[in-house]
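TrEMBL has this to say about the protein:
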- B:22-440: domain 'DUF112' (DOMAIN)
- B:20-42: transmembrane segment (TRANSMEM)
- B:54-74: transmembrane segment (TRANSMEM)
- B:111-133: transmembrane segment (TRANSMEM)
- B:139-159: transmembrane segment (TRANSMEM)
- B:171-191: transmembrane segment (TRANSMEM)
- B:211-229: transmembrane segment (TRANSMEM)
- B:250-272: transmembrane segment (TRANSMEM)
- B:321-345: transmembrane segment (TRANSMEM)
- B:357-387: transmembrane segment (TRANSMEM)
- B:393-425: transmembrane segment (TRANSMEM)
- B:432-453: transmembrane segment (TRANSMEM)
- B:473-491: transmembrane segment (TRANSMEM)
Amino acid sequence: MTTNISRRTALRLASGGVAAAFAAPSILRAQGAYPDRPINIVVPFDTGGYNDRLARAFAPFLQERIGQPLNVINRGGAGALLGHTYFLQQPADGYTLLCTSAGPYIPLNILTQDATFKLEDFHMINLPSQDYTLLATSKESGLTDIADVIEKLKADPGSLSIGVQPASADLVNLMILMDANGIPRDGLRIVTFDGGGPARNAVAGAVVDIGLVGGEGFLPLADKITPLLTYDRVQRDNWGGKLVTDINGAEAAFVFGSQRGWGVHASLVKDSPDVYAKILAAIEETSKDPKVIEALTSQQLATTWYGPDESNAQLAASAKVIEQYLDLLKGA
Amino acid sequence: MLDLAAVDSALALLTSSGTAWLFVIPGLLIGLFFGAMPGISITMAMAIFLPMTLYMDFLPAIIFLTSIYTGAGFGGSVPAVLMNIPGTSSAVATTFDGYPMARQGKHNEALGLALAASVIGCLASYVLLLFLIVPVSSVVLKMGPLEMSAVAIWGMLLLGSLSGNSLPRGLLAGVLGLLLGTIGMNTAGYVRGTMGVPWLLDGIPTIPAMMGLLAASQLISLVNAKYLIDDEASRKISFRRIFSGFRMTLQYPTIILRGTFIGVIIGSIPGVGSSISNLLSYSETKRNAPDGASFGTGNPKGVIAAESANSSSEGGAMATMLALGIPGGGATAILLAAFAMHNIVGGPSFIANSKDVVYAIIFSNFAQALLLLVVGLGFVYLAGYIVRVPMRFLIPSVLVVAVFGSYAIDGTASGPITLVVFSILGWAMVRYGYPVAATVVGLLLGSLVEGNLLRTWQISGGDPAYALERPGALLILALMAFSIGMTAWSARRRRRAERLADVES
């Protein structure tokens, strides 16, 4: 093959091209109004989990309002630490959104994993999904009331095996219940599982006597379990067991399981209020759209609109409770 | 068992829409392609195409996604045979005999064996599923940590048979793998051996480590070879010889049956699945075969054992998903999400209420398995041309693909770095006569063994009498002891017969 282009010319052409390629988007960016290119949604979990499903189900509706395609990027691993770190490393220009279980993972990353970020680096736009801890037992276990469980554990803390995930909101909730009833923590027979799914299967199959796991995930197994205690002030998902407020009083402390939803860089709110306002409006409109609510509800995904103020306040509140029980979370 | 009315309405459902079937072949092709790309998992392939199914009707959506699942299940075996790279962790045992076969110029037969064993395994698993879906699902939830430990320990028996010439070296390599498998946060929340690297908190990334140990180490030692197959005449791609692989598969119905059974049972256990079942089936077949010693050097039975087990795990995982609404792994989690998009919630009530849909899924999988035979044949035929590529082009290309694949897993440099580190380790191990396969098996089983033993200890409070409350675990351990005993007995009888024959001659 012969050409008339000398090596030097070729190099010059190539470098010019490269320079142009680098320069072009920034020129466009300077001129165009936000958003003028596709937007990424970082999900700090692997494909198939709740956040991934939420992001993928919500994205087609959100992109209609934002006017640019949305790409979901999964950055799973290390209890969302890797994904959260990656998200914060992206420029705070509104081209990277976050869909995560903000509570309890952001506080846990900070308190137990020496994360390099602070809670204040994140700004939650809406946390529609508030999972709750459900204390349940297998249908075969013969336990029908939380009072039986407390009585048994009072007589002998090691009498029941208890399935939980290590360093989880569920573990904090277990200890709150134990402390309130004067049951020593040391004697408990705690069995740790690597995820909510395995822990729920163990409860349903009577592999452990009782288990504390996120309640929403129990729904497909509803026929196989007896719900005993819901960690919320109101009944959830028609379980019908006792509420934590029935047992520990109206002021009972507890932590929500997972508070999942949408976030941005906190610096975006301060530095680019226009961009932030656009994202906020798009997420709010999408969340309130009856068509979206119908589509997501059918997939057991939440769209309730709480707004940034309430979402951030709730996240901060559960971060505070988690901090109180920090000693529990550093290695079970 | 079989509800004939539901079968009838399932068939009506399947024949109601001809367009639904148009998605089978694209689905299989997508699955084959993504499955064959090292580093791209079945889950990833299905997640990418999940949003597309939002715009389809329920039946085409499910047929499309399960076709990807079926295709990807076999796709992983192609690079395992041709390049010693398991495209997915479920094809590890396929490399043990498939790759040696390819190097001997029997790549056509090896691919034919793998394809036929996969198709038969897949078909057989869905037949089993048709009858056993309810009993299997009731067993699955009862699998506690002690039972899982027993299964994992059974898998570890394989370490002994992978050791090659030197048992101590084999065990050392296996222990190294097990220890590497415990790096990261353990099930009780303690972090070990991460050296402060956050990417190691979930343990060593298995797929890049496996690619490095098995493939890169092989390729580096092949630098001086001109072609994968030395003999030029053997480098042919021939349908006839692929078909002879098909025929060979049919000669070993026991191996297929055993593989299918192991695959369905192990595949139905959430979180274990096909990456363990292929190892178990391989190890059982090797111990029971009269020519067990030739396993690992290109024995076709090894390929059949591995492939029938990993493809039948699909049926097992589907059983758990349909009967309990529990995803056994990422792929079934995506399928459940697709169900949910169409207002169908998996779980115990699902089978009771929508038997026709369950049967329709099973029947469509029969059809997919049969079509896989055709589509897979074409795919295998084209892929076979890799043996004609000179090594000086093949080695760099495969290494580049491996690097990209390991990057694609989570989009960070942790994959490629792991690949490089384990390539060097693998090369050194091969150089000094340590079996890399034992390390791979150890790595795959390490966290499973550790996590379940730990949980057993937590549940039992350290009381050994707990084992007596778990008849299932005792049964598994008894089966294992029986299997080992039978092997020892038949080996002794064989030796005696050989001695007798020697005396007579």
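Each residue, glycine too, has its Cβ placed from N, Cα and C.
Curation does not apply to TrEMBL; its annotations are automatic.
If one looks beyond the transmembrane segment (B:250-272) by at least 6 residues along the same chain, the residues whose Cβ comes under 8 Å of a Cβ in the stretch are 116-117, 120-121, 124-125, 128-129, 132, 136-137, 139-140, 143, 148, 151, 278, 280-281, 284-285, 301, 304-317, 319-320, 326-329, 448. Against the transmembrane segment (B:432-453), the recorded stretches B:54-74, B:111-133, B:211-229, B:321-345, B:473-491 differ in Cβ pairs under 8 Å, and the greatest number is found for B:211-229.
As a quick check, the transmembrane segment (B:393-425) and the transmembrane segment (B:321-345) miss the bar of 3 or more Cβ pairs under 8 A, pairs 6 or more apart, so the two do not touch.
Within its own chain, the transmembrane segment (B:211-229) is flanked in space by residues 38-39, 82-86, 92, 95, 99, 102-105, 107, 235, 386-392, 394-395, 398-399, 402, 405-406, 418-427, 429-431, 436-437, 439-440, 443, which lie at least six positions past its ends and keep a Cβ under 8 Å from the stretch. Among the stretches B:20-42, B:54-74, B:111-133, B:139-159, the one making the largest number of Cβ pairs under 8 Å with the transmembrane segment (B:357-387) is B:111-133.
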